[in-house]
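For reference, TrEMBL has these:
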- Arg19, His131, Thr351: substrate binding site (BINDING)
- Gly106, Tyr107, Ser177, His205, Thr234: pyridoxal 5'-phosphate binding site (BINDING)
- 38-379: domain 'Aminotransferase class I/classII large' (DOMAIN)
- Lys237: N6-(pyridoxal phosphate)lysine (MOD_RES)
Amino acid sequence: MLADLARQLEKLDADGLTRRPPTLQAPCGPVATIDGRTLISFASNDYLGLANDPAVIDAAIDGARHWGVGAGASALVSGHFAPHAELERRLAEFVGYPRALFFSTGYLANIGIVPTLVGRGDAVFADRLNHASLIDAVQLSRADSHRYPHGDLAALERLLVSRPARRRLILTDAVFSMDGDVAPLPELLDLAERYDAWLVIDDAHGFGVLGHQGRGSLDHCCLKKSPRIVYMGTLGKAAGVSGAFVAAEATVIDWLLQRARSHIFTTASPPLLANALLAALDLIAEGESRRMHLAGLRAQLRSGLADTRWRLLPSPTAIQPVLVGDNHEVVAVAAALAERGLWVPAIRPPTVPAGQARLRVSLSAAHATAHVSQLVDALRALD
Ligand SMILES: *Cc1c(COP(=O)(O)O)cnc(C)c1O
C-alpha cells in the first residue's frame with residue numbers, strides 16, 4: 001500500500017495538484033504572516049472581518065471564564081448549555097424560521113440533514129457544483145442521486161418529471177463557493193412546490209453577507225417562507241467563529257434532533273463558541289457599514305480588471321474568482337502574486353472541474369481599499 005500511495009502522490013505532483021497547508025503565524029485578517037513573510041491575504045472566508053474582532057474575542061473569553069472550555073459530552077447527553085439554547089433561538093428568529101439546531105460545523109450539518117430526511121428508495125436532485133459536503137451527504141443517505149448541470153432549471157424539471165420517489169429533496173448551495181454566483185432560489189422553490197419535493201439550501205457564503213441585516217440568501221432573493229425549505233447556514237465564514245445551524249419547521253428540527261447522527265454522535269461545540277457567536281450575530285445584524293464597504297471593494301476590483309485579460313466570473317458576492325484554466329498556470333500566477341506580497345489561493349481540480357483552475361479572490365470587510373489596489377496593480381502588471 002505504501003508504494004501505491006507514493007506512486008499516486010507522485011502523479012498528483014506531476015499534475016500540479018499537490019496541496020500543502022501553509023502555517024500562519026498571525027490571526028486571521030487582511031494581512032497574513034507565513035514563514036516570517038507578510039502577505040495581503042485574499043484567502044479567508046472571514047467576509048465581515050469578525051474572526052479577530054475585539055467584541056467577539058471578549059465574548060469568547062467571557063464564555064470561557066463562565067462555561068469553561070469543553071462541552072463534556074454530546075448535546076443530547078449533557079453538552080447542551082444555555083448559550084447553545086440562546087444561540088439556536090436567536091438564529092431561528094434571525095432567519096425567520098420556527099426553530100434551529102446548532103451543529104459543530106457545516107460539513108457535519110450537511111451530512112446530518114440529508115440522510116436524516118431521505119434514504120433508500122428516495123431521490124435527491126443536486127446541482128453539479130454543490131459543495132463536497134452535500135455530495136458526501138447524498139452518498140451517506142443511500143438515496144438515488146440525480147445531478148443537474150449548474151443552475152439548469154429545465155434539466156432539473158425534466159428529472160423531477162421522470163424520477164418519482166417516496167420523498168424527494170432538491171439540494172443546492174445558495175452561493176456557490178468556487179464561483180460566487182447565487183442559485184435561482186425562487187425558481188427552485190417553485191419547482192419544489194410543483195413537483196412535491198423539499199428544498200435544502202446551503203447558505204455557507206450568503207449568511208451574514210447577503211440580505212437585509214445579513215440575514216442571508218433567502219432574504220436576498222425575497223424568497224417567500226415555505227415549510228418545504230430546510231435552511232443551513234455556517235458560522236465559520238462571515239460569522240467569524242465556527243459551527244453551523246439548520247433552520248426549518250419545528251417538526252423537521254425535532255426529527256433532526258432525534259436522528260441526525262453527526263449531531264448525536266459528536267461532542268458538542270464548546271459553549272464559549274456559542275457565546276462568541278451571540279456577539280458575532282449582533283455585529284452581523286448591525287453590520288450594514290461592513291457590507292457596504294465589502295460591496296465597494298468588489299466594485300473596485302471588478303472595474304480595476306475590466307480592461308485586462310483576467311476573466312472575473314460574474315459574481316455578486318465576496319467570492320471573486322479569476323478564471324485561468326490550466327493547473328500549472330494558475331499555480332504560476334499565484335506564485336507571481338505571492339512574490340508581490342499578495343496571497344490569492346489557486347483552486348484546482350478536484351475542487352473545480354478539470355480545465356477550470358482559477359484564482360479565488362475572497363474579499364473581506366477587513367480589507368482596506370489600498371489592499372485591493374495592490375492586487376489590481378499586481379494583476380495588471382502580470383496581464
Ligand atoms: C464551507 C462550506 C461548508 C462547510 O462548512 P464548515 O463549517 O466549514 O464545515 C458547507 N457548504 C459550503 C457551500 C461551504 O462553502
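Using the three backbone atoms N, Cα and C, a Cβ is placed for every residue, glycine included.
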Taken over the domain 'Aminotransferase class I/classII large' (38-379), the model's mean pLDDT: 97
Span of the substrate site, taken as the largest CA to CA distance across Arg19, His131, Thr351 (Å, rounded to a whole number): 19
Of Ser177, Thr234, Thr351 (the binding-site residues), the residue whose Cβ has the fewest other Cβ atoms within 10 Å: Thr351
10 Å Cα neighbourhood of His205 (pyridoxal 5'-phosphate binding site): matching recorded positions from Arg19, His131, Lys237, Thr351: Lys237
Thr351 (substrate binding site) versus recorded positions Tyr107, Ser177, Thr234, Lys237 - nearest by Cα: Ser177
Thr234 (pyridoxal 5'-phosphate binding site) - helix vs strand vs coil (DSSP): strand
Sparsest-packed of the listed recorded positions (Arg19, His131, His205, Lys237) - C-beta count within 10 angstroms: Arg19
Neighbour-count leader, CB within 10 A, binding-site residues: Gly106, Tyr107: Gly106
Nearest recorded site to the residue listed as 'N6-(pyridoxal phosphate)lysine' by CA-CA distance, among binding-site residues Gly106, Tyr107, His131: Gly106
